[in-house]
Every structure is written in C-alpha cells, then in structure tokens.
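Enquirer: Take a look at this one; I'll ask things after.
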Amino acid sequence: PSCFGYPLSIFFIIINEFCERFSYYGMRAVLVLYFKYFLQWDDNLSTAIYHTFVALCYLTPILGAIIADSWLGKFKTIVSLSIVYTIGQAVMAVSSINDLTDQNRNGSPDNIPVHIALSMIGLILIALGTGGIKPCVSAFGGDQFEEDQDKQRSRFFSIFYLSINAGSLLSTIITPILRAQECGIHSKQRCYPLAFGVPAALMAIALVVFISGSGMYKKVKPQGNIMVQVSKCIGFAIKNRFRHRSKEFPKREHWLDWASEKYDKRLIAQTKMVLKVLFLYIPLPMFWALFDQQGSRWTLQATTMDGNFGAIQIQPDQMQTVNPILIIIMVPVVDAVVYPLIKKCKINFTPLRKITVGMFLASLAFVAAALVQVQIDKTLPVFPAAEQSQIKIINLGTDNASIKFEPELQHVNVMSMDSTDYMTFETSQLQSLHITSGNNTELVNNTLPGGKRYTLAVKNNESRIVSQWLLDNVTSKPEEGNNLIRFINNLPDPINVTMGGTSFGNLESLSNSNYELFPGGRQDDILVVTNSTACSLTSKAFGFGSAYTIVINTCYRGNLTVAYFEDISPNTIHMAWQIPQYFILTCAEVVFSVTGLEFSYSQAPSNMKAVLQAGWLLTVAVGNIIVLIVAGASKLSEQWAEYVLFAALLLAVCIIFAVMAYFYTYVDPNEIEAQFDEEEKNKVKKDPDLYEKKAEADSQM
C-alpha cells in the first residue's frame, strides 16, 4: 500500500522516530537538574555522569548495527531493544518518586542509594535501547523504498531529520514545564516522576505504533555485517604484514594490500576509502565535547540567571530549546541563502572547509559563554571563610544608631529602618560592638563562632537599647532561582505569620523566624495574626535566587506595613544573554553536523555507509568522554576559565584539522566501483564459470 507515492509503512516509522526522540530528549533535558537537586550531587559529578550517559548512548549503536545485520534483522532488533528502552524509561520514572523512601515524609528521600541504583539501571537500559535502535530505524526506513524511488527516499530522510528535531524541540519545552510542577503523595516536590513518566509513556506509544505497522514493512534478511568484514580484513592485513616483515618480501603499495591473499580487491579498495575518511574523523570529537555541554554546563549556568521574560517564566532547562528552534530555522536559510551567496562570491566552500568553520564557530560560542559567566560571577555573593565572620546591622528603632566595632576596626551609622551590607571581620580580632542610639548606649561582646553570617537587630526603646543576634544560616545562593524569606516581629506583641500557605509559626516581639524556600518570580500574600486583629498584604516580587528578611512594623485595622531587607541579591543577569552562545553554536552545528555526514557518504561506497555512520557516532561518544577527562583533570575552580580552556582546545584541534583537510584529495567512489565492474565483466568473458567459483570461495570463507 502506498500514499502520496510513498510506502504507507514509512509513516509508522516517522511517528515512531518522533516519539522516540521526544522520549530521549525530554528525559535528557531534565537529567542534569535531577542529578543536582534530587540525587543531591554537586555540579561536577552531575556533569560527569551526564556525559558518561551520553557517551554510552553513542557507543551502543555499533552494537545495535551488528545485532541487526548479522543476527536478528532490523525489525526484530528495533522491537526487542525498544522494549528494553521502555523498561529503562519506566525505571527512571520510578527512581524519581521521593515518596518511595521518604519514611519521615519531610519531602526529601531518606534512602538516596536506592534512588541512585534505580536511576543508574534505568540509564543503562535507556542507553542500550536508544543507541541500539539508532542505526536501525533510519536504515529500516530506507529499506521500504524500491530501487527507482531515489527522490522519495532522499525526501524521506529530510522528513525523518525534521521529525527528530520536532520531537526534541517539543520535549525540551514540555518536560521542564512538567518538572516545575509540584506533586507528591505526602509532600509537594518538583515533579520529576511526571517529567520522566511522560517520555516513558511516549516510548511505549512509539513501540505500539511501530509494531502495529508490522504487516506492511519490507523486511530485508540480515546480510552479515559489513563492519565485521572490514575489521576482519584490516586485522588480516596487519597480521600478514607482520608475518612478512623481513627484507626479502617486496613492499606493497599500501599496507591494506597485504590482505589480498584472502580478501577480494574490491573490499580492500572500499576499506581504503573508509579508512581515509575515518582518519579525518580523529579531530572531530573535540567539537562534540563542546556541543554536548548545552545539556550540562550551560543548563547549570542558566540556573544562576534571571528567567523572567515578561509574560512567561523560563525554566533553566528550557533554554536548551533555543538549539532545536534555531536548527529548524537555520538549516533551510543556510541552504537557500548563505551557501548560494558564498558561491556567488567565487569562494569554493568545500565540505572540509565547512567542517573547519563549524569548529571555529563552536570555539567562539564557548568564548561567549565565558564572557557571560564572568558577568554572572560578579553578582554572586561572597561568603565568609572559616576564620571570618560577616555581620550586618538592621536598625528597627525610630532613632538613628551608631555602631563601633572594637578595637577600632570599623564605625557605621545606620538610619532608622535601614540596614548595612554584610561587613567581613577576622573573628579573632573583633571583641565587641559599641552601640549608641538616642541617649542610650549598649556594649555587646562578640562570642560568635567564625565562618558564618550574622544579622544584629538593634532597637532603641525609651529606656534602653535592645539588641538581638540572628544567625543567617545560608551558605550559598538559593538554587533553581528559588528565594529564601524570613520574618522579624517588630511589634510589641507576639504574632503568627503565614506567607503563601507556608506557616512561619508564632514570633515573640523582636524575635525572628527561620528562612523558608519559595519559588522564584512570584508574589505571595503575607498574613499576620495578633491577639486582637489580623492583617494582610501582597508581597513585592522577589525575583530569582534572592534571600530577604521582612520586618513586620505595624498591623492596624487590617492594614499591614512591612520593610524589606535584601540579604542575598537576586539573579540579575538575564537568561537572554545565553542566546548569543546558543546562536553561534547552532550555526556551528549546521555547517559541521549536516556537512559531516554528507561528506562521509560522498567519499565512500554505498555499502560502507553503516561503517561511516558508526564512526561518526563514535566521534560523539569520544567527545563526551573528553568532557569527563578535561573537567576532571583541569581542576579549574573558575567556571569561566574552564569554558576558555575548552575554546582553546577546540581552536588548536581546528587548526590541526585544517592542515589535514588541506592535504586531503577528494575521490569519487562510483568511478572506482565502475572500474571494478569493468574488470569483472572482462574476466567473465574469459572464464564464464567465474561467478560459480567466486560463490563457492565466498561460502568457504
């Protein structure tokens, strides 16, 4: 059955691919934040495990191709590995349910190792599944066409590529929204089970869709894997060359010619072409090392930025959608506008030059990321070292106050209802604080342990100065753009405070609550109940990643007045500043990735495409392993310096590649194939039984 001149079966394949990519990219989008916030790993471990997983996903395709070509056939391979994949996604969703081990119901899992073990099992199954079916699905689609349907087949590959990007785009937008929801049985948490569960459901749909088309598919029998043959041929050549290493044997033109005793000339010639291309692949992993950090380092960078785009609120993991959005726009633009313009300027923009430019652009993108990082670092608060204390004064009285830090370290004046910034002191040197306000004075001795931040609340009552130490037990900027809020009661009577449904409990006069966590970018209602009245007020918007102390000043006839004191400033660098680095990296991907595969296919015979596809995917895997090595070995404490290091490494590799490309001579595999066809025809004329003999020889091999 056909539809619009296409085999009907390919529509099943395209829907299946869309769901599979949705499932994979959706899970991958929230993965690094799941490691960081749910499994409570630090940035470096999260990055390392993320890249190990991506590397695995690109190593397993070689396995998948061999299973499909030598043993099960493409259809059975896709079905069996999709089942593994679906189980993996389901395990991943289960691993992220915090109520699984949350016995004390405080909202965080008690037995983290259980969750880690389940996640790792899930990720290994997913890597086997997604990698194993990757080389089979597109090839299986190609198998559905007849010999004469070249035009439809190439159109199919374009639609196929588009469905990959559509799937990844939608899932990168949707999954982070699901993650940002609050869900849970006993306590409301970020909804990772939903963020992993929806991809799992889509994978199950992909599987059902694929199997339901079963009756229509053209299923080609497994014909032996060309990769195995090529490896055997190379192995034999090396072994044979080594056996004949003494001087008496004449040299051969190329080391692969030593395989000619056992393998036919055509296979040897094809293998030579493949190796020539694979040699050029050696520098390519460095590009992927930078490219795949969009999902790890760049996403972590976005968590320290301000995601408020006016009407909509962007999650840090949603910034990755910039890439597929730009790809969908850029691929047609580059093909239809940019390349023709370059051609008009009489520049011969060969595939290898395109790849070189792609590397250069990716290196630039990381310089842009480093510049953004430098700006972010300027906004991050500095916390005290172990032997230092940081002190901030809030004056809650109606008179101005003057504070001397003795012995003569510093002197500050604080207006009424005002505060200082944090001041840093060596704990051992600071002995006491001498406070003057109105007509009263007070001496406060310093008995504070070091390494912490403190706020001293000061208030001049008519008769004396009341002072109260508050420990600010915050040691880092709030994550994920959340805000920390606490209250000080500046009324004479005890009060009960709630804000946005979170209760801060009862506060005595001049006492403070603990900090509570609130999602960023919202305004909440503050409700204060005294023993005689209740009043409320809508808070101001706190931005993202800030900490505030709110002082309750008056509560009269339902009207509340408060004062806000900023303890940690919100994220001020806007997420839109990440767009330039994404734009440059996407331009790099368009000239690098699309060109790379086209070039490979044009330089090798058609039956060797699987080998090149495997080699190409291998460069992605190695690239992710490079991230592990560089990030692990560099020991750079500054994130911007690591970006610069990656940019420099890629620039160096880019120069090496440019030199290799300069010496590369392009070949036309079809001409070489034609020569062999010609030779065989001539041989058959001389010896009509040649084909029978050849078939016998092949079967004995």
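Note that Cβ sites are derived from N, Cα and C of the backbone, with glycine treated the same way.
Pasting the feature list from TrEMBL:
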TRANSMEM  48-68  transmembrane segment
TRANSMEM  75-94  transmembrane segment
TRANSMEM  114-133  transmembrane segment
TRANSMEM  154-174  transmembrane segment
TRANSMEM  194-217  transmembrane segment
TRANSMEM  273-291  transmembrane segment
TRANSMEM  325-342  transmembrane segment
TRANSMEM  354-374  transmembrane segment
TRANSMEM  610-631  transmembrane segment
TRANSMEM  643-664  transmembrane segment
REGION    678-701  region 'Disordered'
COMPBIAS  680-701  compositional bias 'Basic and acidic residues'
Enquirer: Counting only pairs at least 6 apart in sequence, do the transmembrane segment (354-374) and the transmembrane segment (643-664) share 3+ Cβ pairs under 8 Å?
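Expert: Contact criterion met.
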Enquirer: Counting only residues 6 or more past its boundaries, what in the same chain has a CB within less than 8 Å of a CB in the transmembrane segment (114-133)?
Expert: 20, 24, 27, 34, 38-39, 53, 56-61, 63-64, 67, 77-78, 81-82, 84-92, 94-96, 100-101
Enquirer: Any residues 6+ beyond the ends of the transmembrane segment (643-664) with a Cβ under 8 Å from its own?
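Expert: Non-local partners: 276, 279-280, 283-284, 286-287, 289-290, 293, 297, 352-353, 355-356, 359-360, 362-364, 366-367, 369-370, 373, 630, 634, 636.
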Enquirer: Are the transmembrane segment (75-94) and the transmembrane segment (194-217) close, by which I mean at least 3 Cβ pairs under 8 Å that are 6+ residues apart in sequence?
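Expert: Result for the transmembrane segment (75-94) with the transmembrane segment (194-217) is yes.
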Enquirer: Are the transmembrane segment (610-631) and the transmembrane segment (154-174) close, by which I mean at least 3 Cβ pairs under 8 Å that are 6+ residues apart in sequence?
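Expert: These two stretches do not touch.
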Enquirer: Check the transmembrane segment (325-342) against each of 48-68, 154-174, 273-291 and return whichever range has the most CB pairs under 8 Å.
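Expert: Highest pair count goes to 154-174.
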Enquirer: Determine which residues of the chain contact the transmembrane segment (154-174) at the Cβ level, with the cut-off under 8 Å and only residues 6 or more beyond its ends counted.
Expert: 6, 10, 13-14, 17-26, 29, 138, 141-142, 145, 198-199, 317-318, 320-321, 324-325, 327-328
Enquirer: Cβ under 8 Å, sequence separation of at least 6 from the ends of the transmembrane segment (273-291): give me the contacting residues as numbers and ranges.
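Expert: Residues 230, 234, 256, 352, 355, 358-359, 362-363, 365-366, 585, 588-589, 592, 596, 599-600, 603-605, 608, 611-612, 615-616, 618-627, 630, 646-647, 649-650, 653-654, 656-657, 660-661, 664, 667, 669, 672.
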